[in-house]
Amino acid sequence: MVAVTVYLAAIAIGLTVAFFKFIYRRRRPNEPEIVPGNLLWGNGAEFAEHAVNFLHRCQKKFGDIFTIRLLNQYITLVLDPHSYENLAREKVFDFDPIQRQVNHNVFNFELIDARKMLSEAGKKVNGRFLTTGMRNFADNLKNAFAKVSTVDENGNIYQTIGDNWGQDGLRDLTSKTLFSALFYTIFGQGDAIETFEPQTFYKNFDSFHKYFNYLWLGLPVKLFPKATAALNVLSQQPTSDEMLKRPGVSDYIKFSTEFMKANNQSEQDIVGHNLVFLHVNYNTFRLAFWVLYHILDDRATFMALHKEVQDLVERKTETATENGPLGISIEEFDKLPILDSIIRETLRVTSGVFMVRYITQDVEFEMDNGDKALMREGDRVAMYPPAIHKDPEIFEDPEIFKHDRFVDAKFYKNGKELKNPLVAFGSLCPGKKYSLLQTKWFLVNLMNSFDVRLVEGQKTECDVNYYGHEILPPTNDVQVQYRLKEKFQELDFLARRQC
Ligand code: HEM
Ligand SMILES: *[C@@H]1O[C@H](CO)[C@@H](O)[C@H](O)[C@H]1NC(C)=O
């Protein structure tokens, strides 16, 4: 169904622009080679089918740098991981038009003075705000855990403890715990609008995200009735004045709302921006799902992490001076080597992101090995982290999940050590630290207070149709059983380092 609409739309768009302008494109001297493709959609079909395999094929044939076309956009791909720093540093490679493209095409709004707003807003999820944000997140997570461990079945309310296992989809469970905590940490609490709550947003984001790549490329949302319907639900939000008054609303949303109001942006613009922010945070939810899946799917991974968390809790219990929840500081749960490695390994295998920049003027780009290539104003340049993450020369057996792969490890390509072997956050993501800490806190607490197991035979994998999303979603959910442990020591997020 989708495919037909998409091809029709591709043809319409393709005919108007591609035909006149782009088929006459000739490669100039010293420009990268152009990968041959379909007259209308360029390399779009092969890219959509399996981006990593397609790019690896091109790399074999054309080397570490070449140009592809997706509909009407030429994109030069730099597949050499050593050139990542050069690309990230290059001044004429601009992220702004890319972010504008997402805002405009997908979420239907413009952000005035975007650069200032994003750099200021980025500060609201880092530094001292990181600790306040984490404090709120930890509280919201505690509430969410309490809710899922009390099940109401046919009017019988029971605790998921002892023989009373709870059962749910792992994605559903992660949405009711982690995503719920994220939602309330961002937007605070309040009940003015019934649909403005985590489960409604989780479900509607799910339908909406299916169309993300098509919308991003410029196909109108009206072509996809399901996306339009979801977007309508997601747009039912408190007014900006109501939002500012919600108890617990994040410093980020306070700042962005006031900033946009000061620029006289419309309520609809503010709504669109709130959605983008929730959308980037949704990556944390996808990441946490995958980490949990790998922990539950592989006994060795589970045992290694379980021991690490238990050791931490025991160590803290021995030195605790009073009863009550054990305070754990950021330094303590951020530096657990196994947990850290599991998360990195999960990012490696599930990251689907496209790191794209707009080229603002003709430039001679120098690769790490000294090779130079001319790049054209108006084109895009990109790195494709998943192609690096699945390179067998860098990561032995790239298809296999190894929980300790990143423990004290170095990675090499062409005999030279990589400065950044994992580029799942690109070079610009301001939420990296926050997101990783939230994921870690979630996992440490879950492992500490719950027994969780996959229902026999449940399997899933990354849905490669979503390449281009920061973290790929699974092809299907898996059923899990969970219950509270009979005995555990409650943990508390410690905002300050203990002396
Ligand atoms: C697992 C979680 C996440 C992943 C994998 C991820 C990944 C990314 C990537 C790949 C980019 C593009 C960067 C580039 O091209 O150099 C990006 C941008 C961005 N991310 Fe994240 N992100 C995550 C979580 C978050 C969170 C939690 C926030 C907010 C608190 C956030 C806020 C942003 C913003 C605002 C941008 C745009 C930056 C700009 O325009 O300068 N991200 N993210
Ligand atoms: C916003 O509108 C107010 C009232 O119309 C005006 O005084 C102010 O200059 C406007 N601000 C901006 C940034 O356009």
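Each residue, glycine too, has its Cβ placed from N, Cα and C.
Taken from TrEMBL as is:
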BINDING   Leu111, Asn283, Arg380  substrate binding site
BINDING   Cys429  heme binding site
TRANSMEM  6-24  transmembrane segment
Subject >> Maximum Cα-Cα separation in Å among residues Leu111, Asn283, Arg380, which the record lists as binding substrate >> reply: 24
**OP:** Name the one residue among Leu111, Asn283, Arg380 whose Cα is closest in three-dimensional space to that of Cys429 (heme binding site); these are the binding-site residues.
**Re:** Asn283
**OP:** Could you tell me which of these binding-site residues, Leu111, Cys429, has the greatest number of Cβ atoms within 10 Å of its own Cβ?
**Re:** Leu111
Original post:
Looking only at DSSP and grouping its letters into three states, which state does Asn283 (substrate binding site) belong to?
Top reply: helix
**OP:** Under 8 Å Cβ to Cβ from Arg380 (substrate binding site), same chain, six or more residues apart: give me those in sequence order, or none if nothing qualifies.
**Re:** Gln73, Tyr74, Ile75, Thr76, Ile98, Val356, Arg357, Tyr358, Ile359
**OP:** Enumerate in sequence order the binding-site residues Leu111, Asn283, Arg380 whose Cβ-atom distance to ligand 1 is under 6 angstroms.
**Re:** Asn283
**OP:** With H, G and I counted as helix, E and B as strand and the rest as coil, say where DSSP puts Leu111 (substrate binding site).
**Re:** coil
Original post:
Within 10 Å of the Cβ of Asn283 (substrate binding site), how many other Cβ atoms are there?
Top reply: 21
Original post:
If H, G and I count as helix, E and B as strand, and all else as coil, what does DSSP give for Arg380 (substrate binding site)?
Top reply: strand
